[in-house]
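**Q** Among the features that TrEMBL reports, domain 'Citrate transporter-like' is placed at 27-334. For 6-25, 37-54, 60-79, 180-203, 286-317, the entry in TrEMBL reads transmembrane segment.
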Amino acid sequence: MAMAAYVKLILGSVAFSIFWVLAVFPTVPLLPIGRAAGSLLGGILMVIFQILTVDQAYQAIDLSILVLLFGTMVVSGYLERADAFKYLGKLLTWKSKGAKDLICRICLISAISSSLFTNDTSCMVLTEFVLKIARQNHLPPQPFLLALASSANIGSTATPIGNPQNLVIATQSGVSFGEFLIGILPAAVVGLVCNALLLIFMYGDLLSVKKGQQDSTVAFNGDGVDHQLSPATMSHVETTNVDSVHHESLRNRVNSKQAMGAAEVPWSLNGAYWDHRNQKLWKSCVYIVVVGMLVSLLMGFNMSGTAITAALALMILDFKDAVPCLEKVKKTTILR
């Protein structure tokens, strides 16, 4: 009997090791089948080695966790389409006071976004903005990327929807969203502060930018980021501005003539305007649905049901084929 237990332990360890290798190295040369197939292979081996029966294997699949994870990923996809992460990226440089201030902002925004929209989604979307800001401010990207990744992991611990591990803990323990948040939030805040201070201490020399090392002239192009201009280019900019004023006056004359004729053909000229209004209305609806989902979670409603309801509401509001959104969820799942 004891021998059979040892055999099960060895066979179970073999099955888990195969799964672990394929999950960590999905393109391993000996069996390049990917994470999804590797996970399925590991589960099948558990049944073949009689570690679990078929019924026990089915019971081990927690549909509530899968539904909650799927719902939050769909909601994150629609939030990305509604430019929510773009607005978060703009907050990184709004009235920024230097590189150290930027580090603190990245830590805070990364933690908040990952706690609400899962950590991997936040990292994948915000990385583009972090690299852009570092490049435009002539700063090394390593400290900011490290701040993004580490703060996303810290912030994701604060809520059950922050990462899949929290989903398992909250679902299996029966802890509500609010109870989970109240219990973990203090530790997450302390960890976030320590993380920001540690990064500033480690990269203090790289983040200390003297004013004399940068040009004093700043241009703002409307994308929320300040761009440094050399004094040699200012004369060209001034000349260009004179020409642009002349062209602008000509453009205004043409637009005034077009406006006079707008009464005759209103739909052809105002179509773009209504498209813009519809887009703004759709974005507002997305934000309202997401806020409603978070409020429902805080009120103690079933997390899986709330997440999938919000996801379906967003699909209906989009009024389009949901396949592109589901394909993006599929790609994100593979990247996990």
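Keep in mind that glycine also has a Cβ here, set from the backbone N, Cα and C atoms.
Please treat TrEMBL annotations as automatic predictions, because they have not gone through curation.
From a predicted model like this one, the values you see are computed outputs, not experimental measurements.
Structural setting of the listed features?
**A** Counting same-chain residues at least six beyond the ends of the transmembrane segment (6-25), those with a Cβ under 8 angstroms from any Cβ of the stretch are 31, 33-35, 37-39, 41-43, 45-46, 49-51.
Beyond its flanks by at least six residues, the transmembrane segment (60-79) meets 52, 85, 117-118, 121, 160-161, 164, 167-168, 171-172, 286, 289-290, 293, 303-311, 314-315, 318, 325-326, 328-329, 332-333 of its own chain at Cβ-Cβ distances under 8 Å.
Sequence-distant neighbours of the transmembrane segment (180-203) (same chain, 6+ residues past either end, Cβ-Cβ under 8 Å): 100, 103-104, 107-108, 111, 115, 140, 142-143, 146-147, 150-151, 154-155, 157-160, 166, 169-170, 298.
Non-local neighbours of the transmembrane segment (286-317) in the same chain are 64-65, 67-68, 70-72, 74-75, 78-79, 81-82, 84, 116, 160-161, 170-171, 176-178, 181, 325; each lies 6+ residues outside the stretch with a CB under 8 Å from one of its CB atoms.
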